[in-house]
Amino acid sequence: MPLPWISLIWFAYLIVITVLIVVASVFIHVYQTPRDRSSFVTFMCVFSIAALLATVMLLPVDVALVSSTTSSALGQRKEWATQEEVDKITYSLTVIYYSLYFLDALLCLVGIPFAYFWHEEYDEVAFEAGDQTPCKRFWAATKYTLAFIAVVIALVLVGFFAPMSESQPGHDLGYWRGFLIENRGEHAFTFLLGFVTTIGSCLYVFYTPSGLALLPALFLRRSYSFANQTLVGSTAMQLDFNRERQRQLEGRCGGNSALLSPKDRRELDTLVREERTLIRRQRLIEGRQEEDQSWPVTVYSKLKTILRPFRLLGGFSLFLVGLSTWISLLMTVIDKLINSPCKHHCGYVLSRTNFNPISWLLIQSSRAFPTDYIIFALIVFLFFWGSVVGVVAVGIRFLWIRIFQIRKGHTSPQAMLLATAMLTLITLGLNYSVVMMLAPRYATFGPQTFCDLAPTSSEEQPDCSNHWHLVKPCSEKADSTAADNTCTPSVASTILNRVALNFPLFGALLLWAHFLFLGIYLVILVASLVRSPRLDERQLDEDAEEAEEESLLASTGRSGNPT
C-alpha cells in the first residue's frame, strides 16, 4: 500500500484522538465540582470516554483502508492489493479493534468500579493521622472490585461454553456462512462484546434520543434568565406574606410560642424555615443580578443578542440533522425487519441494504478522504452531545428514583464516575447503531465497487473500461466471483455482524431497541418544542444553600487564618 496514503489516514485518526481527549477533558472539567476533585477519578473518566469514542471513530479509518485496495471507477483491485496485502490490512485492523473492545469492556466493568471504590475508601482524618496508607486503600477498593471481575470471568465462561451457531434448515445463510465462529476463544469474546453492547443499547435508546430531541429546543427557545426579575418580585411577595403571617401568630401568644396550639406552633416552625429559604434565594438572585451587571457579562449578553439569528440557524440545523438521522434509522430497521432472509434466526442481518440518506452521503464523500471522516465525526459528536444532554436532563436513576444529578460545576466524583460508566456503555450502543443501523452500507463496503463481467482468463481481473454499466457497488448479496475477489468488508462490520449471527438474541434485541429509540425521540421532540421552559425553584434553593455554605466556609477560613 502507498505509504503517503496510509500515513494520511492514520494521521487523521491521531488528530481525532487528540480532539477526543480534549473533548473528554473539557466535559469532565465543566461538570465536576471544584471543591471535591480527584486526579485519579478525573484521569479514569477522561481515559474511559476517550477510549470508547476512539473505538467508534476508527470506522472511517477501517473503511478508508479496505476501500483503498480497489479502484471504485473500474471495479478492480489495484496492482499492489494482492490477497496477502489485503489480509495484512484486515489482520492489523482486527488486532486494533479487539484490543480496543477488550479495553472498553475492562474499563466499563472493572476500571470505573475500582475508581469508584478507591474514591469511596478515602478517609481524610485517617489519612492525615497516618492510619490509611495507599496500600490499605488499594486493597479495600480491590476487594469490592472482585465482584465485578467475577462477572467478567462468568461472562467469558458463558460465551466460551455456549453452543456454536449453525445454519438452520430452510435458512440458507449464503454469504453469512463464513461469519459463523468455530473458535471457542473468539466465541467467548464475541459474547462478551454482544452482552455489553446490548446493555449499553438499553441506556442508549433512552438517554440519547432524549438529548437529541432536546438539543434543537435549547437553541431555538430563549433562555429563561429574564425570569429573574419576575422571581425577585415573587420572592419578595412570598417573604412579605411569610413575615406577616409570623407576626399574626406571634401576636396571638404575645411573643411566647409555648402558648400556641400544637397546630399553630408547627405552622410557625414551617414559616421560620421557609423564611430562611426565601432569604437565601433572595441573596442568590441579587448576587446573580450583580454579576449580570459586570462588564464581561454585559458584553456577553450583547454578543448573544447579536448572534441570536445564528443561534436560531444552529437550532434549525440540529433539527434537520436529527430528523435525517431519524429517517435513516427508520429506513434501516424497517428494511431489516422486512427483508432479512432469516429474520430473528440470524439476528436480522441483511443481504443487501436499501437506500439510506446518511449512508449515501458518507459513501459519496468517502471518495475524497477525509471529507467522510469529518462528516462522520460531526455525526458521532452530535450523538455523544445528545447523550450528555440526556444524562444531564434525566439524571442517574434506578427505576424512577433519581440517585445522582449531573450539573455543571456541581457533580461529585462518585456521580461523575457513574455518569462516565453510563456514557461508555451508551457509546458502545452508539457504535453498534452507527455501523449496523445508521450507515450500514458505508460501514460495510464504503465506496467499493466490482466489475460484474466474466474475466478473459483465471489470472486476470474483469475489465469494465468499456462496460461502465457493469461497475456495481459491493454488497453482501453480490452473487459473483468477481465480487468475492474484489470486495472486502470492513473489520468493524465483520465483528458486529458476528455478534448478531452467532448470538441472534442480541441481534433481535438490538433491532427492536431502535424502534424504542425512534419513538422516544419523536415524543420528546414534540414535547420540547411545545412545552415552555420553567425555572426550577427547588434547584435554585439548593444552589442558594450551597452558596451560603461556601460563604460560611470561606469566612471561617479567613477568621482561622488572620493576616
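Every residue gets a Cβ built from N, Cα and C, even glycine.
Taken from Swiss-Prot, the feature compositional bias 'Acidic residues' applies to 539-551.
Taken from Swiss-Prot, the feature N-linked glycosylation site applies to N228.
The region 'Disordered' annotation in Swiss-Prot covers 537-563.
For the transmembrane segment (8-28), the residues of the chain that approach it from at least six positions outside its boundaries are 42, 45-47, 49-50, 53-54, 57-58, 60-61, 64-65, 68, 369-370, 373, 377, 381, 388, 416, 420, judged by C-beta separation under 8 angstroms. Look at Swiss-Prot and you will find 8-28 (among others) tagged as transmembrane segment, backed by sequence analysis.
Here Swiss-Prot flags 40-60 (among others) as transmembrane segment.
As annotated by Swiss-Prot, transmembrane segment applies to 95-115 (among others), with the evidence given as sequence analysis.
For 144-164 (among others), the entry in Swiss-Prot reads transmembrane segment, with the evidence type sequence analysis.
Annotated transmembrane segment per Swiss-Prot: 188-208 (among others), in sequence order.
What Swiss-Prot lists as transmembrane segment is 314-334 (among others), and the listing cites sequence analysis.
Distant neighbours of the transmembrane segment (374-394): 16, 19, 23, 27, 53, 56-57, 59-60, 204, 206-212, 214-215, 218, 318, 321-322, 325, 358, 361-362, 365, 406-407, 419, 422-423, 426-427, 430, 433-434, 438-439; these residues of the same chain sit at least 6 beyond its ends, with a Cβ under 8 Å from one of its Cβ atoms. Annotated transmembrane segment per Swiss-Prot: 374-394 (among others), in sequence order.
What Swiss-Prot records for 416-436 (among others) is transmembrane segment.
Under the heading transmembrane segment, Swiss-Prot lists 506-526 (among others).
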Seg_contact(the transmembrane segment (314-334), the transmembrane segment (144-164)) with at least 3 CB pairs under 8 angstroms, min sep 6: no
Segment-segment contact (the transmembrane segment (95-115); the transmembrane segment (506-526)) at 3 or more Cβ pairs under 8 Å: no
The transmembrane segment (416-436) versus listed stretches 40-60, 188-208, 506-526: most Cβ pairs under 8 Å: 188-208
